[in-house]
Structure formats: C-alpha cells, structure tokens
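Asks: Among the features that TrEMBL reports, domain 'Xylose isomerase-like TIM barrel' is placed at 21-254. Look at TrEMBL and you will find Glu142, Glu239 tagged as active site, proton donor/acceptor.
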Amino acid sequence: MVQFAANLTMLFTEVPFLDRFERAAAAGFRAVEMLFPYDHPAEAVAERLQRFGLTLALFNMPPGDWAAGDRGMAAIPGRADEFRANLETARRYARTLGCTRLHAMAGITRGLDPAACGETFVANLRHAADLLAGDGVTVLVEPLNDRDMPGYFLAHQEDALRLVEAVDRPNVAVQLDLYHAQIMDGDLTRRIERMAGRFAHVQIASVPDRHEPDAGEVNYPHLFETLDRVGYRGWIGCEYRPRAGTEAGLSWFAPYRATR
C-alpha cells in the first residue's frame, strides 16, 4: 500500500511553517518532508514531529547561497570543504529529527567541465555515504528538469542510475521525482519497473503545471499501483503547488488518507 508524505515547504503554506505539522496530521498524513529545515532549531521541528505523530521522510542538505543562485554544490569542483561542512549540519538535523533520507543537491554547473563535475559528485557522495552509513541514512540524488532548473548537473534518470553505480555505496540511491521524470524522460510505468530497487524516495506533482496529482498528463493512480506492484514501500512525497488552497485540493488523497 502506497503511503504519502506532505511536503511542508509547498503545502499548508496558509500558516507559518511550524504550524504546518498539525495541519498535515489533521489531513491524514503520517509523514512529512521539506526542502530545508535549517531556518528553525532542530529541536523545535522534532517537537512538532513527536507531538503530531509524524515521520520526517526527507529533507535536502544545505544548498549554499540560494539567493545568489546556488542549488547545491555536490558536483561543483573546488567546493568540497563547503559541501562537507554543510553535510555535518544536515547530519546533526537528521539525527535530531530521526530522518533517514538526505538529498545531496548537485548544483548549477553550466560552463564547467562535465567530467570534472562528475568526478567531484562521485567523491562527495562517497564521503557523505561513508559518513552517514552508521546513522542508517541513505543519500539521494535527484534529476531535475531543465525547464525549471536550467543548468543543473543532473537531469535524466539514466544518468542518475549511472552515477549511483559509479559511487558504489549501498546507501546511495535515486530520488525519483515523477514530475521531473515525465518532463525529461517519460515512459513512467516501464521506468519504475526498470528502476525498482534503485530508488529510495518518490515525489509527485501534476505535469505540466506542478499542481495536485489529479490532473494533467500523468495517470497517478496507475503509477501508485505500479509502485506497489514493484515492491516500493517508501514514502511518496507530495511536492506540488496547490491550485486553490491545500485542504481544498486534497480530494485526490481521500482513498489513501490515514485514520487516526
């Protein structure tokens, strides 16, 4: 049975961040995810998770200077020291929050040597995987479509699979965002089947508009059945922008809603 995590960066934005945990639990979610928790003390986030009986499924490692255009630095040569310092911050949060999935953002590498970027990414991922293995944490890499994130190092699922193979660590896997995958690669049913066992987190949104997964060109109920059939038992992150308010757009979620 598929299970869903509310992305608190994009859902329940009608209220301040720390109030979104209660809204997610009341809506029937048993887990949440987020882009970045670092604006809030880890202890405050942990208290909300415990109070409302929620699991934290995933968050991203610090991306660098977002306002200046950084979108991670794991694949950017010359920034290994910064990556490692940010990794320690993410590790501290993950330990406090009980989170076992961390996304290492590659970064914008337009104009840089692709081979050097690839070597840097592999080295940084190996370091992260080795550091986090004892904590039971899996490091994730996520291809992002080049329409929303032009210049990002990783855009295609096959490239992500090759990267994971090159890193060669048991706790490194693909973060399969079906919104990005449809835009860049398509063939989602067969792709899920071929990638089974090599992705450790899934995210969803409608295509092309990134709204609730009940419209657009992707048949999500079919894909949920496919994920269940191939044995995926992880969380599915709801990383979409509601069309007209979070609660108003949750009718798609009714068949999967947890009862408390």
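Cβ atoms are placed via backbone N, Cα and C, with glycine included.
Heads up, TrEMBL stuff is auto-annotated, nobody curated it.
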Asks: How far is it from Glu239 (active site, proton donor/acceptor) to Glu142 (active site, proton donor/acceptor), counting Cα to Cα, in Å?
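Replies: Checking the Cα atoms of Glu239 (active site, proton donor/acceptor) and Glu142 (active site, proton donor/acceptor) gives a distance of 13 Å.
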Asks: Note down the number of other Cβ atoms within 10 Å of the Cβ of Glu239 (active site, proton donor/acceptor), including every protein chain shown.
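Replies: Glu239 (active site, proton donor/acceptor): 24 neighbouring Cβ atoms within 10 Å.
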Asks: For the domain 'Xylose isomerase-like TIM barrel' (21-254), report the average pLDDT of the model, please.
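Replies: Here the predicted model's pLDDT, averaged over the domain 'Xylose isomerase-like TIM barrel' (21-254), is 98.
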